[in-house]
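S.K.: Handing you a structure now.
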């Protein structure tokens, strides 16, 4: 016999110690007039070692202070409640920890909860909160399907309690003679110690079985008791949707009416659905649905469902709502590196499908006709491809557009406006750089072996330009060095660019700063230098002082070993004369310097108009 293991709440006086436990079925059932045998076992701590073991059963409550009716005691001489006198008996042997209870001649008033209390003598008396609930039936229980639909196989169950060992039930079916292909079967069910005889009747109901009564009868061997239960068959047929009408296409903003007609037994409930959403429902034969000011979300599949308790049937129609394109949605590579491919997809919802165009300015970059998307591709991306684009979607009901920006990342570019300007109190160099992302900018002074960056006292960062350029300003105070060379270097994650800055001398500015006295001194210096150079040429190789021009670094294809001193001497003589007369010099376009090359110098060969920028006097 299978029993349910239950946890125990121990109540009463005396010691409370684990493991006290009791086992019994939580629910029992029996037919009125029969009996029920309630299996029960209990346990207690071994250390108690009681001299005697007994017990009793309460009805309705486990608490002695509530004076519940006593059902049965293990000691037969003890009193019990009059309702159970002669009916209930303590079948188990408490010394063997068996607390089985038997109740005969059951009646409906004996249905309820039964509690066991152990008595080990003295104060060792405990009530278990776990209990068995008894249900007394007047007849077998028939379980009929919620729906008996014509043509569908059905099964009716007849359940009979089988918890009285002296009385074993016998089950028969009644009213099955006219049923189509009836098949009866039986089986025993054991639900946590409570047993039932379960009979099943399978058949295929027809419309003509409507109202037919089918039941089950129960008898017992060696007993005159009998029980009967039956039910009338309510065979119905599922509804049918017989009519459906309404438009299949409308324009956004229109009013729409849909109609549905159905029949069935019983009269069906008619419902209008869009997807799983119920829009309207009423019982009857027909139902109309009104949609006002429809939009794109109101389109789709509309279903009319006719339903009763035995089945359902539906039919659907498709409603299409035409509307102008919605704002296009942009997806793709909106941020790329120069040289990488660009792929941007523009998608727009509309009905019908729209003509999609991607524009930059007035130029068509990509187009698609009657599609829900268009893809623009550029291979490879160039810095000039960055900028604002627009996607336009249009159909016969309207148009819409969305603008988007493509950013092309590229290494720094030093702008032509970058240069150095000499003033009376020093040099001011401006470097302007364009790049994406922004670059870090420094000034390199090779002749001083110095790098000036943001944070240095001679470095000033100007506000970003309207074109996104960044500007760094280098201010060098003091006299202008003849050999001063300034490079602007910029770097971001895509590369490094360096450029020699051109020197710009405002006309007459140097001469104005020098003044008449300075002019006399400068003229004397020029005469001395010219004479000195002439002497040097005559005494070449004799160990006398000589003028040694600084050789420029070799450029691509250049020869750094060429002896260019005569030209440098001639240039120096002309340069000093021009400087003394206040002549502006230093024209020429700035030159780009790659990160791996030396800063380019002016060529040492060629006409005198392109002399080296500087020279030095060295006395041996």
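Cβ atoms here come from the backbone N, Cα and C positions, even for glycine.
OK, Swiss-Prot features for this one:
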BINDING   117  N-acetylneuraminate binding site
DOMAIN    151-233  domain 'Ig-like C2-type 1'
DOMAIN    239-322  domain 'Ig-like C2-type 2'
DOMAIN    414-495  domain 'Ig-like C2-type 4'
SIGNAL    1-17  signal peptide
TRANSMEM  517-536  transmembrane segment
S.K.: What is the Cβ neighbour count of residue 117 (N-acetylneuraminate binding site) at a 10 Å cut-off, with all protein chains included?
M.R.: 24
S.K.: For the domain 'Ig-like C2-type 1' (151-233), how many residues does DSSP put in helix, in strand and in coil?
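M.R.: Split by secondary structure, the domain 'Ig-like C2-type 1' (151-233) comes out as 3 helix, 48 strand, 32 coil.
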S.K.: Which whole number is the mean pLDDT over the domain 'Ig-like C2-type 1' (151-233)?
M.R.: 94
S.K.: Taking helix as H, G and I and strand as E and B in DSSP, count the residues of the domain 'Ig-like C2-type 4' (414-495) in helix, strand and coil.
M.R.: 3 helix, 46 strand, 33 coil
